[in-house]
Amino acid sequence: MRMLFRSFLATEAAGGIILIAAAAAAMLVANSPLAPTYFELLHARLGPLSLLHWINDALMALFFLLVGLEIKREFLRGHLARWSDRILPCIAAAAGMAAPALLYLAFAGGTEGLVRGWAIPTATDIAFAIGVLALLGSRAPASLKLFLTTIAIVDDMGAVAIIALAYTAAISGPALLAAIVILAAMAGLGRIGVRRLWPYLLLAAALWLAVLLSGVHATIAGVLAALAIPLGDEDDSPLERLEHGLHPWVAFAIVPLFGFANAGVSFAEIGAEQLLAPLPLGIAAGLFLGKQAGIFGSVRLAVALGLAQRPAGASWTQLYGVALLCGIGFTMSLFIGGLAFSDPLLIDEVKIGVLGGSILSAIAGYALLRWTGKVT
C-alpha cells in the first residue's frame with residue numbers, strides 16, 4: 001500500500017508539472033498567429049461531437065473513472081479506511097467547498113444568470129497542487145502531502161456529486177434505466193468473482209453511452225463504473241490493476257490534453273472591464289480567498305474542539321500553505337465552468353477567473369512553504 005501511494009504521488013507530481021506546461025502552451029497559442037487554427041481545430045466535428053466535446057465528455061470520463069477508483073480504494077483499504085482518519089479531511093474539504101461558493105455568490109450572485117457558476121471555485125486540482133508541492137522536495141513533509149491528497153480526494157467526491165445533481169439536463173427514463181441495468185450487471189460480475197478486466201471495460205463503455213443519452217453528464221459514468229469494479233483482499237485486484245494501468249494515461253495524456261484544450265483564452269479583446277467583471281472576480285476570490293479561509297479555519301477549529309489532531313510533523317504555517325495550494329482549481333473548475341455556461345464570452349471569463357485564482361494560490365502557497373522552516 002505504501003509503494004502504491006508513493007507511486008501515486010510521483011505520477012501526480014510529474015503529471016501536474018506537465019499540466020502546468022500544457023496550460024501555459026494553450027495560453028501562448030491562443031495569443032499567437034496560430035490562434036485561429038487552435039480554436040477551429042477544437043470546434044471541428046468528429047462524427048456527432050466536436051473535438052472539444054470528445055475530450056471533455058469521452059476522455060474525461062476516463063479521468064473520472066480514475067477518480068472513482070482512487071476514492072473507492074482510499075475508503076476501503078487506504079488512508080481514509082478508518083473513521084478517525086476521515087474526520088479532518090472531510091471537515092476541511094466540506095468547509096473548503098462551502099466558503100468559496102459563498103464568496104463567489106457574494107461577488108457574482110447578484111448578476112443575472114451567474115448563480116449557476118457557484119460550484120466553479122469549489123474544486124481542487126490534485127495533479128496541479130501535488131506538482132507544486134513536489135517542487136519543494138524535502139521541505140514538504142510526507143504528512144503534508146498525505147493531508148493535501150486526502151483533502152483533494154474528498155473534494156473530488158463533492159465535485160462529482162455537484163456535477164450529478166446541479167448540472168444534469170432533462171432526464172431520459174429509458175436511457176437511465178439502461179444505465180442502471182448495465183451497472184447492476186457490472187456489480188453482478190464482481191459478486192460471482194470475475195477478475196478479468198475486459199468484461200468490466202466493455203460494460204463500462206456501454207454505461208458511458210447510456211449515461212450520455214440519459215441527460216446525466218457522461219463523465220459520471222466513469223465514477224459509477226469504478227464503484228462496480230471489485231477491490232478484493234488480494235494485491236492484484238481488478239481495481240488496482242486498472243488504476244495502475246490508467247494512471248499514466250490520465251496523468252500524462254488526458255489531463256494535459258484537457259488543459260491544453262480548455263485553458264486557451266485570447267487576451268486580445270479583453271480589457272479591465274472584463275477582468276474585473278463579477279464572474280472572474282467571484283471565481284478568483286473563491287479559489288484564492290475562500291479555499292484558504294474555509295480549509296485552514298475549519299482545521300484550526302476542529303483541532304481546537306478536539307475533533308481531530310493536527311497532522312504529525314506539520315506546523316500550522318505549513319498547513320496554511322497547503323490550504324493555499326488547495327485554491328488551485330484548474331481542471332475540475334474549468335470542467336464545471338463548461339457545464340455551467342455555454343456563452344463563449346462567459347467561458348472566457350471563467351477561464352480568466354480560474355487561471356487567476358489558481359495562479360495566485362500556487363504562487364502564494366509555494367512561496368510560503370518554500371520559506372517555512374522545519375517544525376520545532
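Including glycine, each Cβ sits where the backbone N, Cα and C put it.
Swiss-Prot annotations:
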TRANSMEM  8-28  transmembrane segment
TRANSMEM  49-69  transmembrane segment
TRANSMEM  87-107  transmembrane segment
TRANSMEM  117-137  transmembrane segment
TRANSMEM  140-160  transmembrane segment
TRANSMEM  162-182  transmembrane segment
TRANSMEM  209-229  transmembrane segment
TRANSMEM  248-268  transmembrane segment
TRANSMEM  270-290  transmembrane segment
TRANSMEM  321-341  transmembrane segment
TRANSMEM  349-369  transmembrane segment
Chain residues in Cβ proximity to the transmembrane segment (349-369) (below 8 Å; excluding those fewer than six residues from its ends, i.e. six or more beyond): 23, 27, 117, 120-121, 125, 128-129, 132-133, 135-136, 139-140, 262-265, 270, 274-275, 277, 279-288, 291-292, 317-318, 320-330, 333-334, 337-338, 340-341
Distal contacts, the transmembrane segment (270-290) - CB-CB under 8 A, six or more residues away: 96, 99-111, 114, 117, 120-122, 327-329, 333, 337, 346, 348-350, 352-354, 356-358, 360-361, 364
Recorded stretch, among 49-69, 87-107, 117-137, 321-341, maximising Cβ pairs under 8 Å relative to the transmembrane segment (162-182): 321-341
Interface check, the transmembrane segment (248-268) with the transmembrane segment (321-341), three or more C-beta pairs under 8 A: yes
Interface-richest range of 87-107, 117-137, 209-229, 321-341 toward the transmembrane segment (49-69), CB pairs under 8 Å: 209-229
Chain residues outside the transmembrane segment (321-341) and at least six past its termini with a C-beta under 8 angstroms from it: 19, 23, 56, 60, 63, 92, 96, 116-117, 119-125, 127-129, 132-133, 144, 147-148, 151-152, 155-156, 159, 162-163, 167, 217, 219, 255, 258-259, 262-263, 283, 287-288, 290-292, 295-296, 299, 314, 347, 350-351, 354-355, 357-358, 360-362, 364-366, 368-369, 372
Residues of the parent chain within Cβ reach of the transmembrane segment (87-107), under 8 Å, 6 or more residues beyond its termini: 80, 115, 117-122, 124, 147, 150-151, 153-155, 157-158, 278, 281-283, 285-287, 289-291, 293-295, 297-299, 302, 307-309, 311, 323, 326
